[in-house]
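Undergrad: Pasting a structure here, questions to come.
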Ligand code: SF4
């Protein structure tokens, strides 16, 4: 048996979840995901086999509670965290991670940018149940403590392997920009050029060294690494639009076409793929972007940052992104990267992070109801029952953020003899009046 292969109870072996699915094997991870998604194991296996669903599950992520990502499943959300110069205490950052998981984040991207990043990454994959993602190109400069132009293609690939060994479930790799992109960016004169942090690093490295993008040139070697550990590739969108004026332009679409080709090559290697998407996009272009991606990338799960539907709301970009995210997920996106009120302004603090997660959860849930995901609306129906019964504890139990809901109610309670209502309408509570009227009771407004 190949030492990289996993074995199921029947003795059958496989490398990745996709390999297993194609061999007709139901993995332990598939069993868990099928149950969570209220679908049969066989339905899920077929979707994993054809790449429409991924189960990012590195063999070395021992604490993982697996999730599936695909447009026909519940929409998942990602939260970016990590150790930085301003927050370098592992335990504090780990508390933020677990708080994000408690609020409903299914994925954490570790964007650590300070000191030795490996201990925190290893802490995540030994303690955190959420999917863990990283962006190895960010970490390369930090890991080697050398300037970008001194790094070699091998250096970048070694960091990908290091992250894979450490148990990371998915890696964002900006494989889709090439030397041709340098000419395109100059020729098409975008307003915002490249706004992807990883994309700008790859672009800068290519410009300084004169060499081809190593994540594109050595893609086959990367696929070998990903197959060995079952790391899902999240194909980064280096050319995602950074403002509405750049949305759906030649640079974005040309990169998307290349991402489609790279998706196919990964699938030929049984490597699972997510494709990353825009960015800043006018609301009327969001659905079309999702449809084009689904077509070009053959239904591979789409992972969107936002999309932000206007450029003028710094301080409120969690709302801008939730509007775009809801429409995107309803139209085919599978995975939303959270955006916080601090977007475009500063490193998010704890409150920003919470606001970003709640906004993304609302967008994801709204889309799941619209898509008809089995059972998605059950909790809304429970909330409606609790509201009708003026049962406040039951309402809090259904709330996405019970703490905030409770605090608002308790800070502004109605007068004593109407404590079953809230102070919004007080004595004129429509719910109370209707309940009483329908049961033949007297309505004591005064
Ligand atoms: S007082 Fe108004 S807002 Fe409050 S529960 Fe009654 S109807 Fe709803």
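Glycine is no exception: its Cβ is also placed from the backbone N, Cα and C atoms.
Here TrEMBL flags 80, 109, 138, 174, 196, 197, 198, 237, 238, 239, 240, 276, 303 as substrate binding site. Marked as Zn(2+) binding site by TrEMBL: 280, 344. The [4Fe-4S] cluster binding site annotation in TrEMBL covers 422, 425, 429.
A description of the local structural setting of each listed feature is requested, covering burial, neighbours and distances.
TA: Sequence-distant neighbours of residue 198 (substrate binding site): residues of the same chain at least 6 apart with a C-beta under 8 Å from its C-beta are 135, 137, 138, 172, 174, 236, 238. In the three-state DSSP classification, residue 198 (substrate binding site) falls within a helix.
In the three-state DSSP reading, residue 280 (Zn(2+) binding site) counts as strand.
Less than 8 angstroms from the CB of residue 422 ([4Fe-4S] cluster binding site) sit 409, 412, 413, 414, 429, each of them six or more residues away in the same chain. The DSSP secondary structure for residue 422 ([4Fe-4S] cluster binding site) is coil.
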Undergrad: So which of the binding-site residues 80, 138, 198, 238, 240, 303 sit close to ligand 1, that is, with a CB under 6 Å from an atom of it?
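TA: List returned for ligand 1: none.
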Undergrad: In DSSP terms, helix, strand or coil for residue 80 (substrate binding site)?
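TA: Note: residue 80 (substrate binding site) is in a strand by DSSP.
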Undergrad: Between the binding-site residues 238, 425, 429, where is the Cβ count within 10 Å the lowest?
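TA: With the binding-site residues 238, 425, 429, fewest surrounding Cβ atoms within 10 Å: 425.
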Undergrad: Give the three-state DSSP assignment (helix, strand or coil) for residue 138 (substrate binding site).
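TA: Once the DSSP labels are grouped into three classes, residue 138 (substrate binding site) ends up as helix.
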Undergrad: Considering all pairs of residues in 80, 109, 138, 174, 196, 197, 198, 237, 238, 239, 240, 276, 303, annotated in the record as contacting substrate, what is the maximal C-alpha distance expressed in whole angstrom?
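TA: Output for substrate binders 80, 109, 138, 174, 196, 197, 198, 237, 238, 239, 240, 276, 303: max Cα distance 20 Å.
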Undergrad: Using C-alpha atoms, which one of the binding-site residues 196, 240, 303 comes nearest to residue 344 (Zn(2+) binding site)?
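TA: If we rank 196, 240, 303 by Cα distance to residue 344 (Zn(2+) binding site), first place goes to 196.
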